Amino acid sequence: MLPDIDFNVIARSLPYLFRQGMSFTLTLTALAALGGLLLGTLLALMRLSTLPILAPLATGYVNLMRSLPLVLVIFWFYFLVPFVGQVILRADRPVEVGAFASALITFTLFEAAYFSEIMRAGIQSIPRGQLAAGYAIGLTYWQVMGYIIVPQAVRNMLPVILTQTIILFQDTSLVYVISITDFLGAASNVAQRDGRLIEMYVFAALVYFAISFSASRLVKSLQMRTAIPR
Amino acid sequence: MNYHWNWGIFLEPSPEGIGTYFDMLMMGLRWTLVTAVLAWIIAVSLGSAVGVLRTLPSRLGVGLGDAYVEFFRNIPLLVQLFLWYFVLPELLPKDLGNWLKTLPNASFWTGAVGVGLFMSARIAEQVKAGIQSLPRGQSMAATALGLTTAQTYIYVLLPMTLRIILPPLTSETLNTLKNTSVALTIGLAELTARTRAMQEYSFQVFEAFTAATVIYLVINALITVVLRRFEKAIAIPGYVAGT
């Protein structure tokens, strides 16, 4: 009943799949998570700030990103970034942006919206008295945030941040729509070149499953250990 | 910037010969909505069933439910759609596989079922959390009244749970709508795919994507407003449900 299955095609393409594909996927995931967290924290601080304009600006950005499908956002930036680059660099024509840079910018800006919601909850979970205490001993706003509030917020939210990063890891597969060779793109290239769709897609699914599943198990055990005793 | 804006493009006829570019986007929106509705029905019904399964006093039931959720949560949606679209028909018996491949609108059915299954795992999580958030006394009281397990769920636990989990369900509904755009990879001509086609025909990149953005925002806002009203109408008095 089963069609002929050729496991060799997987073995043969392993170096290509992992050295090109998976390393792209993992680098993109790590950098976009870091950038997204940084930008997301800034957005969260903006939303909680009492200065005028900042809060509605950040809220608008976060809500906009969260209402759009990631696929549409990927297309948006794919076409928009070269024009923005042209304006910034005062070039005569749209700037050519590499596949990796384009994907990294997209995912950082997109994930920042989600991370900002997480960080906002994290910052709000810290008692206000700590802010007041920080000011009382003469720290500036950035010192209070940087040394006292944000580190605790990150620690409280670490499981959620990591879970979001696992989601990001899975979402990076969507760069397929702009023909970038990430892990899935590499698997798909081999699948189409050798006519081995079944083997390659099942293998890709297994690899994604193994990584996401074990990562989420690790997050769960981490959650038990890092919880701040109250 | 040497980009030539042309907002009149939407009224120009599309090269596909049926209507304007605006009509083209509207056709895409129709596919997006139909796919989202079918996916949502699948997600909520299967998700509720699996969510209930995971709270039953049966180890086999809990194990099966957990396996279901882990499977659909840990594989990217795009890969799942590829599995259903490219791999499944090959693994089925020949006649069934051929029937699947020659199905009219195959990418629509695959997309809706694929997104539905993907979302059902998330909804199962919400349903499970909802049932477990109820005081233990409720199911104990039901048992004391002589209700069977099935009756306990149907008359006591589920009516409460579904009212409690409506706020998170609203955001999963929006996610279902957004996730239908992934089905463009298997050839579904939904809104994002049509936007991309318009961009390729007309070279008016930013007009096309702006229009799609506005359409998604409007649909999101409509769903949110309707569901918030519904949430208020059926909120359980005395319960602080979500937001």
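From the backbone N, Cα and C atoms, a Cβ is placed for every residue, glycine too.
Marked as domain 'ABC transmembrane type-1' by TrEMBL: B:29-227.
Residues or ranges marked as transmembrane segment by TrEMBL: B:31-56 (among others). Sequence-remote contacts of a segment are chain residues at least 6 beyond its ends whose Cβ falls under 8 Å from one of its Cβ atoms, and for the transmembrane segment (B:31-56) they are 62, 64-66, 68-69, 108, 111-113, 115-128, 130-132, 149, 153, 158, 162, 169, 172-173, 176-177, 179-181, 183, 188-192, 219.
Per TrEMBL, the feature transmembrane segment maps to B:68-86 (among others). Long-range Cβ contacts of the transmembrane segment (B:68-86) within its own chain (Cβ-Cβ under 8 Å, at least 6 residues beyond either end) map to 50, 54, 106-107, 110-111, 113-115, 117-118, 120-122, 124-125, 179, 182-183, 185-186.
Cβ atoms under 8 Å from those of the transmembrane segment (B:106-124) belong to residues 31, 34-36, 38-44, 46-48, 50-51, 54, 65, 68-69, 71-73, 77, 80-81, 84-85, 100, 169, 172, 175-176, 179-180, 182-183, 186-188, 190 of the same chain, restricted to positions at least 6 beyond its ends. Positions annotated as transmembrane segment by TrEMBL: B:106-124 (among others).
Feature annotation from TrEMBL assigns transmembrane segment to B:144-166 (among others).
As annotated by TrEMBL, transmembrane segment applies to B:208-227 (among others). Sequence-distant neighbours of the transmembrane segment (B:208-227) (same chain, 6+ residues past either end, Cβ-Cβ under 8 Å): 9-10, 21, 25, 29, 33, 166, 169-170, 173-174, 177-178, 191-192, 195-196, 198-199, 202.
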